[in-house]
Amino acid sequence: MFGLSAKDTRFLLIVMFLTLATPILLQPFPENSAMAQFNAGYPDLMQKFAIFGIFAIGFNILFGLTGYLSFGHAAFLGVGSYTVVWMYKLLSYNILPGLILSIIISGLFALLIGFISLRRSGIYFSILTLAFAQMSYNLAYSVLTPITNGETGLQVYSNDPQMLAGANAPTSPHLFGIVMRESSEFAVGGWVFTFNNGYYFCAIIAILAFYLSMRIFRSPFGMMLRAIKTNQTRLNYTGLNPRPYTLAAFVISGMYAGLAGGLLAAMDPLAGAERMQWTASGEVVLMTILGGAGTLMGPVLGAGFIKYFENIFSKINDNVLHSWFAFMPDGMEDFLVALVHPFVGKGWHLTLGILFMMVVIFLPGGLVEGMQRISRLFRRKKATKPGGPDHEHHPKPAPHVAE
Amino acid sequence: MTISKLTRRGVIKTGAVTGAGLALPTIFTSAASAFTNEPTGSTVTLGFNVPQTGPYADEGLDELRAQELAVEHINGMGDGGMLNTFSSKVLDGTGIMGKKVEFVTGDTQTKSDAARASAKSMIEKDGVVMINGGSSSGVAIAVQGLCQEAGIIFMAGLTHSNDTTGKDRKANGFRHFFNAYMSGAALGPVLEKAYGTDRRAYHLTADYTWGYTQEASIQASTEALGWETVNKVKTPVGAGDFSSYITPVLQSGADVLILNHYGGDMINSITQAVQFGLRDKQVNGKNFEIVVPLYSELMAEGAGENIKGVYGSMNWNWQLQDAGTKAFVKSFGEKYGRPPSNSAHTCYVQTLLYADAVTRAGSFAPCAVAEALEGFEFDGMGNGPTLYRADDHQCFKDVLVMKGKDNPSTEFDILEVVEVTPRAQVEYAPDHEMFGGGEASLGECNNGA
């Protein structure tokens, strides 16, 4: 189906199911239970899962396949966001024109940066992309303030032209009248499930993006990209010029990033310069490595993981801790709170850092490798699958930095 | 796992959810409540969104301390702090309208995106009715816009840019902090008295929105004294090293250096300016002087010795002698063992003011609360008689002009109050050109769902 093998079709269907059922799956604890703190099924976070999933999928096409480590992908994210907000300001709150334009403009921007940066490989390439991204960030933060509104962030004002906006058009981002912010809630027993329009829009685009990346992974073009990662010198000797391929991969992943940036602005009509900062570029690298670079599902998992920590763990404060350990005697309670305190709330970076280190040390292939190990454990018990050549041509575990 | 099995499971799951939903009478959609996050139980949740990591983490943590204290006082614990001196007496220590106040916290990271994400999770997940805090104008403006869209009340924390209640003002947002224009208006007469009317000023300005508005405000007020502005140079935020910007100051013929910097930037730039010997120089037959228009306790601590004799302005200071300030400093000091900063004061007061406004309005609905706050005059919260102006939701009260103390006695006693500028002197028209002119409007207040 869809031009995929039976196994890939199954994989895609599982991903589709997981994505569409996210509002239910991420809400495992009843609303009034103590564990409700860990529920993640609210619109903003689910949107972030889908959007950063797209961003990481796109980044993985470049990094996972060709091994070129770009440290400047946040620049495309920012360009996408600014494009969409400008389309709000000039045309209307309909998100479609902005999203299409954000893909085009970030693609052009990626072509320009890629054309220059791809003259070098390895660490030099990383530094070049980092330099371009920081340049874009500083321009957006101060020099280009008339276009980007600087530190405050670009937003829509009531006196903007909005030429295509009708008299009764919604006053927040919408797709032909379907308002992204609106959601319907269903209470079942103690659970409350939120089905948000914006999330489902992002989810459908994320599935399409995933499908496209799957096709690229399985195509001859994807094979060529992997060849570049494996041994670029050999490819040169074969008489092939790798640069058009790497440039194409760079532009494609730039367009993915632009789309993700556009979606961010489509869910929340604001574009800030810090979306382009190097920390944002580093974040997508972390996501990809944490989940498993070069695998299809890994980057999405990594994106979800990091966003979950950022949004859920950072909100656990001392009061919450005290309520958790309230059943214990006072001294014990204070001791446990003091013990956990550095790892939650403002210390969420620390927890994430420790987890990241553990993943890199014990699971070099990322979370995906962890899952594979677990599933292999079960399969070995059944002893059905003999070892043998890899007929599916799964990407080999590869070093994280381009050689 | 086969495809058909998977699909079946999907179908069954969807069917079960729909069936259960239809069977249970508890179904409700977001349209069921009168406004966003209407509190229905015995508690009400407030959201405290402050920077806990990043350059302003210290300010954020101090805000958090004050907010926690405010919640205690509203719930009737502790000594009541400013509730005893507040001119409005509707809060009786039983929470807000009989509902116990709970709070959730979030980390803005001093980034608009992170702040909005954290605010959104408070609104969507924790069901807060009000968000308070923050330590940057960019963040304040971004979160204010979000609260307007979502239909809850925003009490901006530390934000000094004119834009927050200027061109970016919103009907659901209120600011207790003073702004760059007020700094200029308060500093003007003091600078005239100290340095005369014939001065040449050189601006170093942080290269972002707040820097621009402060530069414009200070330039306007100093030029009104007769000062000349020699040059205005933008410096990148977080530059660290300002020596290349300070060297040209001496050659320019200027005799006053105005540092429109905040936080770590201000600590670095003033330290380097002093190290370069600027303050020992004589230019045009006068002593060379430095002015830092916006002071904070934490910056002053960081700059240490170097701020001796340097003028600046502040929203509030713990050394004030009115009853409200004394009560607040006492209960804050007893709980945390240090005096509160002026951002802590802002957040504390705002939390009390919100609770008071809800009680007076008799409703948590944002439009009712906004109406209760608009044009509200009160006293007993420090800074004397205070007004929340209805036209732009800016708070008007006395502004402090501060000076670095020559002989500090403790580590907290670095600044001294030179003058308390009366409110009338810092007032301006709501359609002032620095505040978006006639085009700026609050828009409609939004109750949300």
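Quick reminder: no glycine exception, Cβ is built from N, Cα and C everywhere.
TrEMBL labels come from automatic prediction, so no person has curated them.
Just so it is clear, the model here is predicted, and its values are computed rather than measured.
Record features, source TrEMBL:
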- A:382-403: region 'Disordered' (REGION)
- A:12-29: transmembrane segment (TRANSMEM)
- A:49-71: transmembrane segment (TRANSMEM)
- A:91-116: transmembrane segment (TRANSMEM)
- A:123-144: transmembrane segment (TRANSMEM)
- A:198-217: transmembrane segment (TRANSMEM)
- A:244-264: transmembrane segment (TRANSMEM)
- A:284-309: transmembrane segment (TRANSMEM)
- A:350-371: transmembrane segment (TRANSMEM)
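Counted over residue pairs separated by six or more positions, the transmembrane segment (A:12-29) shares at least 3 Cβ pairs under 8 angstroms with the transmembrane segment (A:198-217), which defines the two as touching. The transmembrane segment (A:91-116) and the transmembrane segment (A:244-264) are in contact, since at least 3 Cβ pairs between them lie under 8 Å (pairs 6 or more apart in sequence).
Beyond the transmembrane segment (A:198-217), the same-chain residues lying 6 or more positions past its ends with a Cβ under 8 Å from any Cβ of the stretch are 2-4, 8, 11-12, 15-16, 19-20, 22-23, 43, 46-47, 50-51, 53-54, 57-58, 60-61, 65, 173, 175, 178, 180-181, 183, 252, 256, 259, 263, 266-267, 296, 300, 395. Scored by C-beta pairs under 8 angstroms, the transmembrane segment (A:284-309) has its highest count with A:49-71, from the stretches A:49-71, A:123-144, A:244-264. In this chain, the transmembrane segment (A:244-264) lies out of contact with the transmembrane segment (A:123-144); the count of Cβ pairs under 8 Å, excluding pairs fewer than 6 apart in sequence, is fewer than 3.
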